[in-house]
Amino acid sequence: MESAGIQQLLAAEREAQQIVNAARTAKMTRLKQAKEEAETEVAEHKTSTEQGFQRKLEATSGDSGANVKRLEQETDAKIEQLKNEATRISKDVVDMLLKNVTTVNN
């Protein structure tokens, strides 16, 4: 009788061990699946973020090129204006300098 009870306990222990092993295997499978899903989601988010960044970069760099061209045109116009102004007043400046240099004050 005792032998039958021991055999029954050993069988129950083996069954419990199989249940624990099955649960452990199922848990590991779920963890592996969750990790793969998380990695996929992270990769998708990274791709999406990178694409958004590239779109913004292209949009702003296009504006930057237009701004540079506009600034160059404005600078050239200002330089031309200053050259014209200098040419216009240079005779007056020379006359004023000659007058002040050649005039003696007592």
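Keep in mind that glycine also has a Cβ here, set from the backbone N, Cα and C atoms.
Keep in mind the model is a prediction, meaning the values are calculated, not measured.
Annotated compositional bias 'Basic and acidic residues' per Swiss-Prot: 33-58, in sequence order. Here the compositional bias 'Basic and acidic residues' (33-58) has no Cβ contact under 8 Å with any residue of the same chain six or more residues outside its ends.
Annotation comment: Swiss-Prot describes M1 as N-acetylmethionine, evidence class a large-scale study or a structure entry.
Swiss-Prot lists 31-67 with the feature region 'Disordered'. Here the region 'Disordered' (31-67) is broken down by DSSP into helix, strand and coil counts: 37 helix, 0 strand, 0 coil.
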